[in-house]
Structure formats: C-alpha cells, structure tokens
Amino acid sequence: MLKLDQVDTYYGNSHILQRLSFEVPEGKCVALLGRNGAGKTTTIHSIAGLTPPRQGSITYKGQPISGLPPYKIARRGIGLVPQGRRIFPSLSIRENLTVPAKDSRSTESSRQKWTLDEVYKLFPILKEREHNMGTQLSGGQQQMLAIGRALMTNPEFILMDEPSEGLAPVIIEQVGDIIKKLKETGLSILLVEQNFYLACGAADEVLVMNKGHIVWKGTPQELLANEEIQHQYLGV
Amino acid sequence: MSVTTLTMHLLNGLAYGMLLFMIAAGLSIIFGLMNVVNLAHGTFYLAGVYIAYYFIGRQFGFWLSMLLSIIVVAILGVLMEKLLLERVYGKELEQVLLTFGLSFIFADVVKWIWGTSPLTLPVPSGLDVSADLGFMIFPAYRIFVILVGCMLAVLLWYMENKTRVGAMIRAGVDDRDMLSALGINIKVVFTCIFAFGAGLAGLSGVLGGPIMGMYVGIDSEILISSLVIVVIGGLGTWKGAFIGAIMVGVVDTLGRVLFPSFTMAMIFAIMIVVLLIKPNGLFGRGAHA
C-alpha cells in the first residue's frame, strides 16, 4: 500500500535517510524500531511531506506522493499521529477534532467514515471533556486525542510516531489495544516506536532501522528470539 | 483639566484607538499565523483612504466608496501575497526588505497621482453633526467610529472563538505544519487572512479619513503605532490588538495634549513595561519557528 524506494532525506546538510526502502502492505501494521537518531521520525516526516525527500520515490496505492505538499498527502488518506502529539493548545478538545479536513472524495464503502460521534465512541473520555482545552488532558488522553484527530481526516493509512512516549506502562498497554482495534477496522499502520514490547505486540512485521536505513526485517516472534539484533540496534 | 475636557480627550483617544485596532488586528494575525512582518501594512491604510477619496470624487457617495475601497485594497492584498510574499516565506530579512520597499513604492505612487498636499475625506452626511451626550457635545462621527470598532471587535472575537475558520486560524498560529498534515491547505488560509487584514486596514483608512486626513507619511506613523500595539497585545490574537490599540490610542491622544514632546516616548515606555512583565505581550502565546 505504501512503498518507499531508495529514499534520501536531508536536514540541511545532514544526510538522515540513506537509500531507505521498505513497504507496508494493505491492512497490516508495520513497526519501525531503532535508537534515537536512527531516522525514524524523519521517515514519518518524509512520508507526510513535512521534510520531502531529495531523492527516491514514495508511492501510496501505486501513486507517487513524494514532493506533494502535506495537505495533499493527508487528503489522499494518510493520517499523522505525530511525535509529542502536537495537540493545538489554543483549541478545545472538540475543536482539535473538528478542525481537520474531511476527505470528501473517497467513495469506497469499505472505508469507515469517522465522525465526531464515532471518535467519541472510541474514546469516551474525550466527549466528557470536550470543552476543555486540549492541553488540560493527561498524556495518555492527549495521545487518544492525537489519534482521534488523525482519524477525523478519514485515513486509510496512519503514521504513528512514538505513541508510547512519556506514558505510564498501563497506558502504553491501552495504546497497544487501540492500535489493534484500528487495524481491525481495516487501517494500515506504520508504527514508529522505541518501546520494543509495544511494537512487537501490535505489529505484523518489524523493521529495525539504523543510520537511515533498514538493517533487519522480520516478524515480532523472530525479533523476540534474536537477542543479537535486540542488543546491537535496540539496546534492549 | 476639567472632567469634560478629559472625557473629550478620552473619547478622541478611543476613536483613534479603534482605527489603530483595525490595522493592528490584521497585522497581528498575519504576524502570528504566517510569521510575516508586513511593513507594508500601513500602505493598506493609505490605499484605503486615497481610493475612497477617488470614488467619493466620482460622486459614489461615502458608503459605496468605502465598500469599493475595501474590495480594491483586499484585492491588492491578494496580489501582493500571491505574487510577491509567497516567494519569501520563512525568509525574514527578505520579507522586511520586500514589504518596506513596497511601502516606499506605494507612497510614491500616491504622491504621483494625488500630490503631496494633505487632503481630507468629508464626514458622511447624517453623521456630520454633534451628538449631545447629556454632559457634553461630541462629534457624532467619532462616536460612530468607536461603535464600529467595538462591533468589529465582537465580530472578530466571535469568528476567532466560535467558528471552524477561527479554530483553524488558532491552530495555524499554534502549529502550522501540523495543521497542513491534517489536510488543510495552509496557503489558501494565508491568502484569505492576508486579504482580510488588508481589507480591514483599508476600512480603517476610509473611516480615519474624515478624522485624521490623509497625506503620504501617515502610513508609516500608523504602522509604527500598530507594531507597538502588536508587541503590547501579543501575536496572533484580536483581543490583544483591541486592548493594545485602546491603550496606545488613549495615551497618544492624551499625551499630545498634556506633554506633546513626550508622547512617543510614553508609548514606547508602555511597551517596555509590558515586555518586562509579559515578554509575549498581554495576550500572546509565545513565538514559534
């Protein structure tokens, strides 16, 4: 569904993504693991159009999307749950959910139509506190808001950047459950994580990244069995 | 100074503050949302008043001329944003040079067409009387300007806080990249806001014409006061622009009466005090890259 082929992305003069190639099949959750500075967030930003790649191609449903402005990529059906959640502090919880643009073009019947009510059904706490400001929520609730906000664009594909960051273990488990629930609705997911166990629990396939490219690829079970990779690239 | 005189100066200051508010509101939101310091914003004021003068001279009447002038200035804003500013987003020095240069060019165009002698707009008929406030007599037109300013403030407050467009603008001031990653075409938002801010400054020019007259140079005077207001009120908020404009308008007017040579110094003193206490301005939410 999403395919990166020989992608090179720079921040100024630093060469962050180096001939990065991988694929996320439709309806699957692929986890991207790696240490700080491995290029995980840059990968997400390259796909979302926030830091467009200098070379290589990114195709989504067979169509090239690299070079498109972020809003066009979002409207093609790619939702972003960014690192640090990036809730709009000046907006109420409800406004955080109603500001995103709806994808009106999509007519596919398989695609779940996310509405405010649907998001509130998935995260009842957001409805309870809908008139509070987004930043008055706890970390876990803010993560739910960030996910709900991305769902409001009616994506078929979700980019999730470190959803476990800064959350208590019991909340991280909930996040894992949410990811599985989203997958059941037919969403494809690229999950960037530092949390090894969350990633292995939620993903169908795991990619390990180091210095801007993929150094290992396999199933969660294979990774759990491979202590060398865990030790060398993940510091587990 | 008697209470009546003081009240008169306060009302004059309020009227002036409302004119400044209409300019500073646009300047502040353009600054906060687009990160553009539009040093040509005073030009929209200048264009507003001179274009209205042109139409009034062609017997269009005050109100129709005002409407036409706002439309023309807003179109001017769209052209400026689409053709020039769009090329220099994210490049602050270029923006300063570009917008400052544009303000000189427009000032010269105005001199070329209308000359350098000060002109004035007629007070629209019906408002060219004095209103009896019970304890004093005050020009009805200035009261009208104060009312328009207050109504605009309420309208802008409503738009900012109660509509989806307003929420989008607040979100854009918070985090532009995130907003575009949610499928919002931020460029269209920028153009609309720029045109809206230009039109608002144009309105201020037309309304200010009968009070302050018009001459080349008023654009930079207005711009400096508006920049001070934006600093006092904080970036990207109508509320800050409103409170800041009233402060500057009243202090400026009272200062001219009480100690003429210190007026400008007093306005800057207020700005310094505000900056010392609240570095982001009274209602500012802090700068972002």
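Each residue, glycine too, has its Cβ placed from N, Cα and C.
All TrEMBL annotations are machine predictions without curation.
Annotation source TrEMBL lists transmembrane segment at B:14-32, B:39-56, B:62-84, B:96-114, B:134-158, B:179-202, B:222-250, B:257-277.
Outside the transmembrane segment (B:14-32) by six or more residues, the chain places 38, 41-42, 44-45, 142-143, 145-146, 148-150, 152-153, 156, 169, 173, 193-194, 196-198, 200-201, 203-204, 207-208, 211-212, 222-223, 225-227, 229-230, 233-238, 240-242, 244-250, 252-253 with a CB less than 8 A from a CB of the stretch. Sequence-remote contacts of a segment are chain residues at least 6 beyond its ends whose Cβ falls under 8 Å from one of its Cβ atoms, and for the transmembrane segment (B:222-250) they are 10, 13-21, 23-25, 27-29, 31-33, 39, 41-42, 45, 103, 153, 156-157, 160, 170, 173, 204, 267-268, 270-271, 274-275, 278, 280-285, 287. Between the transmembrane segment (B:39-56) and the transmembrane segment (B:96-114), the number of CB pairs under 8 angstroms, six or more residues apart, is three or more, so the stretches are in contact. With Cβ pairs under 8 Å as the measure, the transmembrane segment (B:179-202) is packed most heavily against B:62-84, out of B:62-84, B:96-114, B:134-158.
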